[in-house]
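Listed in Swiss-Prot for this protein:
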type: TRANSMEM; residues: 44-64; note: transmembrane segment
type: TRANSMEM; residues: 66-86; note: transmembrane segment
type: TRANSMEM; residues: 233-253; note: transmembrane segment
type: TRANSMEM; residues: 257-277; note: transmembrane segment
type: ACT_SITE; residues: 310; note: active site, 4-aspartylphosphate intermediate
type: BINDING; residues: 347, 351, 377, 378, 379, 380, 381, 382, 383, 384, 395; note: ATP binding site
type: BINDING; residues: 518, 522; note: Mg(2+) binding site
type: TRANSMEM; residues: 588-608; note: transmembrane segment
type: TRANSMEM; residues: 616-636; note: transmembrane segment
type: TRANSMEM; residues: 658-678; note: transmembrane segment
């Protein structure tokens, strides 16, 4: 389900997983985290640290074999360090990403101007810019702050922020008018309006997020922490009651063995890895060039039930081009062509530009008339046009144009519906053109469904995720494209309020909803959705409303976001299963060591035939410690995700991480025992 660019970015991030500088920083941080305040955040590791201190006190007081006591103390201490190291290495990777972003933030001087049209120019430090200021940026200069272009267009290099080397076009009056501080203008000149306070820019927020400054536990993570705490408390009570029970059968238990039993009983593996898994989830989203504003957003993406997907750019390539002019009976093709071109001269959309291009190719002369008043397209009117010299030309959705003509007291030829249906059934978009009270004809806009998208939707369906296509097209076009793409449902002739209403309806049914948006009119729906993925190229309002921002501005990235979320949940579940399963083998190592001397029949539990009770304890504790760093790469990279049903995923993970979690420790503890015999003797 993942796209190739996402995979490539993730592989580049993984290549630096164990970079020397990252390792060194993580090692230092592991020791710095040995504070009560930090350890108490993880009940499991807090108990292990308490056991470490108690073992040290018992050994220092001269109880039992000093060598064995200090060995147990050292292994327990290293277990805590490894847990801290797992979290620290995830944080260090985040700080590495933040450092690269910080290099993009420069001490710049801005050319502040009086109005959007220019005026007197004043050079000021970028830190003095405030929302509402107008700034002029020319070729070769850096954009000093976040803002919206109000005049001009330019190609901009955003590699310092997004990692993409290809320049992007930003233009005033379009849905790609947003600029980010720290990026560089490669050509042309723009005036933009500042939208962010100093220290609150997009880059500043990115740095804070990837550094973990706003890192908070997700609801599922909190629930799992509470479960681990309850299990730890239960095992603590059980172990504390063992000496009294053993006393009834005349057995005296070594307190060091009791500490070892407790540490082996409690789920130390997942306890040590849980913080790293949460941090790594946000890092994986960042590796996919998606900025998640919280860990909760990443996690919820893995639980979504419904995806609301814009047709353009997500399901189709988003490059609708005018291909044919269809005049109605009695209308000359040149008349329709010229009217459509006039209505599109000031249209900044790709569709509008393609109409002008097609008209020119067919002989029209594109000269902007004087005293023309251009009518911009809005989601409410769903049409645009031009008023000039007594002529009123409109182009837009069929029903919107019909309503416009009928409002002037005119009737519409039945032929129009036939033309619209003919174009729509072919999967193209019909754009109706009218002048005054007369409908002139239909412009055919063609787009292509993306290759492989139908298979992706089939995978989502297998996982129980419903897909809903949102389009401004008429129902016939929407139905044709929906059938070709394989989506489960569609909303035709959609307006912003329709998106919001659909999200609320799905949520009322207990479902989690994800959607993509880039315009100001998408902001309410983005804010309402459980996962709102805003496009980096979109408006500031959209980016503020969403809980994720795609730096590549690719609407299809929502599918990759779902993959990252699923991988986050599967990784936590798989490692929790493994942690609980591998406790079984440790029971068979520790229990015979506790009771075999006094109760010979307990020796039957020594199924691994470990050499001695002390070696059994040391082998179990060593495995318990070493398994944490051994699983760090898996925790950070995530368990490999294959789209399938929840039942199939559960079966696969139980087989690999459940059964594997039982069998691997048996073999590992036996090998460690053999190594101890070879090193220390029987």
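For all residues, glycine too, the Cβ spot is worked out from N, Cα and C.
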Whole-number Å distance between the CA of residue 518 (Mg(2+) binding site) and the CA of residue 383 (ATP binding site)?
19
When only pairs 6 or more apart in sequence are counted, do the transmembrane segment (658-678) and the transmembrane segment (588-608) reach 3 or more Cβ pairs under 8 Å?
yes
Suppose I define contact as three or more CB-CB distances under 8 A, residues 6 or more apart in sequence; do the transmembrane segment (66-86) and the transmembrane segment (588-608) meet it?
no
Roughly how many Å separate the Cα of residue 310 (active site, 4-aspartylphosphate intermediate) from that of residue 522 (Mg(2+) binding site), to the nearest whole number?
11
Only counting partners 6 or more residues apart, tell me which same-chain residues put their Cβ under 8 Å from the Cβ of residue 522 (Mg(2+) binding site).
496, 499, 534, 538, 542, 545
Top of the recorded positions 310, 377, 381 by count of other CB atoms within 10 A is 310
Residue 381 (ATP binding site) -> DSSP, reduced to three states, gives coil
May I ask which residues of the same chain, at least 6 positions away in sequence, place their Cβ under 8 angstroms from the Cβ of residue 383 (ATP binding site)?
375, 377, 394, 395, 396, 397, 400, 401, 404
Among the binding-site residues listed here, 347, 395, 518, whose Cβ has the fewest other Cβ atoms inside 10 Å?
347
By a three-class reduction of DSSP, residue 347 (ATP binding site) is assigned coil
